[in-house]
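Data first, discussion second: the structure below is written as structure tokens.
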């Protein structure tokens, strides 16, 4: 005698069968058919809102994450060796590092 369990689902659809993947055109059409609230990021949009997470700050010389910054040149560094190296850099090299980081300013001493 086997007890019946009404809360268990009987396999209604074949196991292992996935729904077909939707093409880009289907995704875009479904986005346009629905009235989305203002400011919603949709699949076809290239522009997205800025991230809420803070930007990772890395050393300008090595690329290692850091929180240290030289007050005179505003270059970021990780260790004492890097700081000594930054102090000896010529001004045009410092400006080049800042330009790469998109932090170039004209008020560097």
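Quick reminder: no glycine exception, Cβ is built from N, Cα and C everywhere.
Note: TrEMBL annotation is automatic and uncurated.
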Annotated region 'Disordered' segment (source TrEMBL; candidates 1-22, 23-44): 1-22
Counts by DSSP class (helix H/G/I, strand E/B, coil) across the domain 'Vps72/YL1 C-terminal' (57-86): 7 helix, 6 strand, 17 coil
